[in-house]
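A.B. asks: Encoded as structure tokens, here's the structure I'll be asking about.
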Amino acid sequence: MTIPVPKPAHPAAPDTNTDGLPNPKVVVPVEADEEEDDDDEEGKEDADGAVPAASHFSTHALDGTKKKKKKKKKPKKKKTGEAGAGGQSEPPRVPVSKLFPNGNYPSGEESAYLGENSYRTTSSEKRELERLAAQEDPESAENYNSIRRAAEVHRQVRRYVQQTVKPGMSMTEIAEMVEDGTRALVEVDGLQRGIGFPTGVSLNHCAAHYTPNAGDTIVLSADDVLKVDFGVQIGGRIVDSAFTMTFNNKYDKLLEAVRAATNTGIREAGIDARLSDIGASIQETMESYEVEVDGKVHKVKSIRNLTGHNILPYHIHGGKSVPIVANSDESAIMEEGDHFAVETFGSTGRGYVMDDGECSHYAKNPDVNKPIRLARAKTLLNTINKHFDTLPFCKRYLDRLGESRYYAALDNLVNLGIVQAYPPLSDIQGCMTAQYEHTIILRPTCKEVVSRGDDY
């Protein structure tokens, strides 16, 4: 989930595996085997009537008897929702805790720090402090098992999505495919485990913050560019990762540009790194690409008023922004222990987004405490506090909880500033936008791209 750059008081514009390290292991479904064929197939001769040559050298052949031919095992066809032996089902419904019964989940891509922080990689003191902190408090920020579990859920859900989503599916089908898989694999448990924020399925010129509301009729087409942005949280530790899907090769260079820009941001990230320098490097990579569409060449532009962000427990936007263009602020830096969502957006349009269309994304503002006079707004806020607290939510999630006739109450909470609305963000009509995003942890000893997979 992205964060738009705050609008200036007087805006000039309209309103507003590069380190060579292995990817984490991912559990792959293993097909169960069929039982051996019936006895009447045993000892069957070859087509020309001869016994298979290998049997002439068997112990059975020495006494003149014919060796029974070893039967080929036929793969058992897996039924919908059935797990392979030791693997994930299709659709994914096997909790990752069942696939990793020892409770140790794969780490992400780990990279050594460079420059003056390179000592951290080999520092026995840093390693010991990291180890002790994780042992002393399983819920501490230094214990990475919860977020690695969330990352494994993300990888397994998105693998199925990438294999299954096809033109002709509705946006609601796609969003619910992601969410149903996430709930099952994470073993949803109130605020302790569940969805990190509404599933973004933004299309084409819409870059972010679109998820279908009830009654949405939009259907995916073969020429669409689909951004899938979803989160998984365990104990408030959120994995935020996104990818882009297309169904022809027309926009391959756009996706390549954005993927490369995100990896540049990850490469440049580190303890004491200036956020402005990271933004400049991202922009340089992004805008070195061009896309030819129907004979017209488009320069890929970074969407300058969208950024990445740090992540705090139960807060998807922690207060620090990772720009994707150069800026003059040299004071903001990354620090040891930070969790960041490094995300970039590229566009064939003007590289600037504005609010566009019906809102679906919302989040409670923890810093606002105002009296509420509307009784229905009070009961709605109670629901929000109980089920989401400061985690983002959408109207479909309220519908799922049985809330009804709440639109006026929700508007009241937004007008009071108690709830923040996050409407869809779009570039100009007719252009295409793409997104890639990973969650990284700046550990004391190394940088870990916790959401890295074998796909991106």
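Note that the numbers count up from 1, one per residue, in the order the chain is shown.
A Cβ is built for glycine as well, from the same backbone N, Cα and C atoms used for every other residue.
Pulled these features from Swiss-Prot for this protein:
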type	residues	note
BINDING	HIS209, HIS317	substrate binding site
BINDING	ASP229, ASP240, GLU437	divalent metal cation 1 binding site
BINDING	ASP240, HIS309, GLU343, GLU437	divalent metal cation 2 binding site
COMPBIAS	1-11	compositional bias 'Pro residues'
COMPBIAS	31-45	compositional bias 'Acidic residues'
COMPBIAS	66-79	compositional bias 'Basic residues'
REGION	1-127	region 'Disordered'
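Would you situate these features in the structure and describe their surroundings?
C.D. replies: The 10 Å shell around the Cβ of HIS317 (substrate binding site) contains 23 further Cβ atoms across the protein chains shown.
Within the same chain, residues at least six positions away from ASP229 (divalent metal cation 1 binding site) with a Cβ under 8 Å of its Cβ are MET1, THR2, THR199, GLY200, SER202, ALA208, ASP240, SER241, ALA242, GLN435, GLU437.
With a 10 A radius on its CB, HIS309 (divalent metal cation 2 binding site) counts 22 other CB atoms from all the protein chains.
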A.B. asks: In whole Å, how far does the CA atom of HIS317 (substrate binding site) lie from that of HIS309 (divalent metal cation 2 binding site)?
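C.D. replies: About 6 Å separates the two Cα atoms.
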A.B. asks: Around the divalent metal cation 1 site recorded as ASP229, ASP240, GLU437, what other same-chain residues have a C-beta within 8 angstroms of the site's C-beta center?
C.D. replies: MET1, THR2, GLY200, PHE230, GLY231, SER241, ALA242, ALA341, GLU343, GLN435, HIS438, THR439
A.B. asks: Setting ASP240, HIS309, GLU343, GLU437 aside, what same-chain residues sit with their Cβ within 8 Å of the center of the Cβ atoms that define the divalent metal cation 2 site, listed in sequence order?
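C.D. replies: Here the non-site neighbours turn out to be MET1, THR2, ASP229, SER241, ALA242, GLY308, ILE311, PHE340, ALA341, VAL342, HIS438, THR439.
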A.B. asks: Where GLU343 (divalent metal cation 2 binding site) and HIS209 (substrate binding site) are concerned, what is their Cα separation in Å, rounded?
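C.D. replies: The Cα atom of GLU343 (divalent metal cation 2 binding site) is 14 Å away from the Cα atom of HIS209 (substrate binding site).
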A.B. asks: Could you list the residues of the same chain, at least six apart in sequence, whose Cβ is under 8 A from the Cβ of HIS209 (substrate binding site)?
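C.D. replies: The answer is MET1, THR2, GLY200, SER202, SER360, HIS361, TYR422, PRO423, PRO424, LEU425.
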A.B. asks: Minimum Cβ neighbour count within 10 Å among the binding-site residues ASP240, GLU343, GLU437: which residue?
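C.D. replies: Lowest Cβ count within 10 Å among the binding-site residues (ASP240, GLU343, GLU437) is GLU437.
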A.B. asks: For HIS209 (substrate binding site), just give me the three-state DSSP call.
C.D. replies: coil
